[in-house]
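Quick notes on the structure that follows.
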Amino acid sequence: MMQLMILVDNAGGIFPAINHSPWNGLTLADFVMPFFLFMVGVSLGLAYKNLTCRGAASKKAMFRALKLLTLGVFLQGGYFHGINNLTYGVDMYQIRWMGILQRIAIAYFLAAACEIWLRSDDKVNSELSMLKKYQKQWVVVLMLIALYLLLLYGLYVPDWEYQIPIDASSSGKIYTVKCGVRGDTGPACNAVGMIDRNILGIHHLYGRPIYARTEQCSINSPDYGPLPPDAPSWCQAPFDPEGLLSTVMATVSCLIGLQYGHIIVHFKDHKTRLLQWLVPSCCLVAVAVISAICGMHINKVLYSFSYMCFTTGAAGILLAAIYVLVDVYEYGRFTSVLEWMGKHALMIFILVACNIVPLILQGFYWSQPHNNMLTSIGIGSQG
């Protein structure tokens, strides 16, 4: 997952086909987050297989989640001003509360809590007995899916406004977005954005919305670019791709991954494990395709039901393929680098994906800030 994340982060702008989809649809980059959440769930199933003290385990899980939340706000809340800018600091009026690490923290904690508190002490000797042992966790999965669908398609989205620039201390142009609908899944009038605007505040959302890369909002689509003459009013509105409601469905990816981890714990035969992984994975992909045909678009930004099913099913198929390669045919000697990256995933994410390494290197310069270590080798702005 880390290798794929690094690839899309550094090459996505060069090859739009692997960059995140501007709205509906699926690209290579759109698999990174659900695959990561899925594997978090798998690892939790292994980590808690011999649980001794539920209280102590809960405290550790809460502490880890808080560390991820804090790191997420610090790294993705706007404190660092990005490449080619050596300044730092964030206006608390505009700090971004949600982000990738925050989403992982929430999904991790909810999945850990389910694994610690919502399982029976029954012995597992068959697929049915395993389902019975973890039936409360499946109830949580169904409840989260139902909550997401109920809010996404049931909430009424009224007209709303935003200002450019969003800084309240300056005067800017106010844009009005006409909605007055229910169940819309387009960029402007979906319930995911409405919930974030009302709970988090529009000035605390991601200021460079991915839908700004759509044909409606960019003449360089699927890349960012100048607005077309007839661009709709919502094109520049803040929108968080890791918002509150979408994180509800993202947590489901983690909880399903948890069930795949249970298969490793309770079944030792290769054939049984592969069968238990591949059958539900193929079913999830089939449900996703049927849902998309019926109008539930595959959408990473909304973390739609069809997107969750397709990417989670794909993650299960990939897990089975890697298992065959490494555990069945024992080609593990070629995966030592990948294993090392997996063990240090958080550190790699912080240093590479959050641009900490480039920012550190740019801090060493000659005479002028633009004469730094990166520009000397042809990376970054020369001006």
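Cβ coordinates come from backbone N, Cα and C, glycine included.
Feature list (source: TrEMBL):
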- 31-49: transmembrane segment (TRANSMEM)
- 61-80: transmembrane segment (TRANSMEM)
- 100-118: transmembrane segment (TRANSMEM)
- 138-156: transmembrane segment (TRANSMEM)
- 244-265: transmembrane segment (TRANSMEM)
- 277-298: transmembrane segment (TRANSMEM)
- 304-326: transmembrane segment (TRANSMEM)
- 346-366: transmembrane segment (TRANSMEM)
Tell me whether the transmembrane segment (304-326) sits in contact with the transmembrane segment (100-118), defined here as at least 3 Cβ pairs under 8 Å among residues 6 or more apart in sequence.
no
The transmembrane segment (100-118) versus listed stretches 31-49, 61-80, 138-156, 244-265: most Cβ pairs under 8 Å:
61-80
Under 8 Å between C-beta atoms and at least six residues away from its ends: which parts of the chain pack against the transmembrane segment (61-80)?
88-91, 94-102, 104-106, 108-109, 112-113, 116, 346, 350, 354-356, 359
Ranking 31-49, 244-265, 277-298 by Cβ pairs under 8 Å to the transmembrane segment (138-156), which is first?
244-265
